[in-house]
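In what follows, a structure is listed as structure tokens, so that the remarks can point back to it.
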Amino acid sequence: MAAIRKKLVIVGDGACGKTCLLIVFSKDQFPEVYVPTVFENYVADIEVDGKQVELALWDTAGQEDYDRLRPLSYPDTDVILMCFSIDSPDSLENIPEKWTPEVKHFCPNVPIILVGNKKDLRNDEHTRRELAKMKQEPVKPEEGRDMANRIGAFGYMECSAKTKDGVREVFEMATRAALQARRGKKKSGCLVL
């Protein structure tokens, strides 16, 4: 039986952990050096609820320089992973400010999973000290859940690509969301206008 194919696009601020999350899930290795993404694709097979799914993983660049290029990733998307970093409250702030409007414009009706990356840094002393200097603290789980409700996300997950904690669960939830997505008579995927 042929696998069902679904397209997943990951978005979020630059350096919030998008590429690491995809690489750990698809290749099971954590990249130690940071290289800003322009456009990368990976494919991974996943089984959920007895269904074999081939996930096409589309990585995107979060940097503003790529705001005009990123929409090329959106057509025919089945599910969006919208990421922020738990060690960066500013990246959470950009979820409603930047990422939700962009995604809802290009991908109306496509389910969104809100993902808090770098969960391992929430209790990291160095991270807490650095944030305290700016009168900030790591994002709390309830702040992530509240944001997911606010933007109408399908769900909220937290993970650490570094420790692999929660990584598989993120993609299981995303796959379920992609499989459940209601398709109207017309294909209701993303549009580029």
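Any Cβ shown, glycine's included, is placed from N, Cα and C.
Predicted, not measured: the structure shown is a model, and the values here were computed from it.
According to Swiss-Prot, the protein has these features:
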| type | residues | note |
| --- | --- | --- |
| BINDING | 12-19, 30-37, 59-63, 117-120, 160-162 | GTP binding site |
| MOD_RES | Tyr34 | (Microbial infection) O-AMP-tyrosine |
| CARBOHYD | Tyr34 | (Microbial infection) O-linked (GlcNAc) tyrosine |
| MOTIF | 34-42 | motif 'Effector region' |
| MOD_RES | Thr37 | (Microbial infection) O-AMP-threonine |
| CARBOHYD | Thr37 | (Microbial infection) O-linked (Glc) threonine |
| MOD_RES | Asn41 | (Microbial infection) ADP-ribosylasparagine |
| MOD_RES | Gln63 | 5-glutamyl serotonin |
| MOD_RES | Ser188 | phosphoserine |
| MOD_RES | Cys190 | cysteine methyl ester |
| LIPID | Cys190 | S-geranylgeranyl cysteine |
What is the total of other Cβ atoms whose distance to the Cβ of Asp120 (GTP binding site) is within 10 Å? 17
Tell me the Cα distance separating Gly12 (GTP binding site) from Thr37 ((Microbial infection) O-AMP-threonine), rounded to the nearest angstrom. 12
Please list residues from the chain of Tyr34 (GTP binding site) whose Cβ is under 8 angstroms from its Cβ, counting only those at least six apart in sequence. Ala15
Here the Cα-Cα span from the residue listed as '(Microbial infection) ADP-ribosylasparagine' to Gln63 (GTP binding site), rounded to a whole number of angstrom, reaches 18
Tell me, by DSSP, whether Phe30 (GTP binding site) is helix, strand or coil? coil
Would you count the other CB atoms within 10 A of the CB of Gly12 (GTP binding site), including those on all shown protein chains? 27
How many other Cβ atoms are found within 10 Å of the Cβ atom of Asn41 ((Microbial infection) ADP-ribosylasparagine), counting all protein chains shown? 11
Please list residues from the chain of Gln63 (GTP binding site) whose Cβ is under 8 angstroms from its Cβ, counting only those at least six apart in sequence. Gly14, Pro36
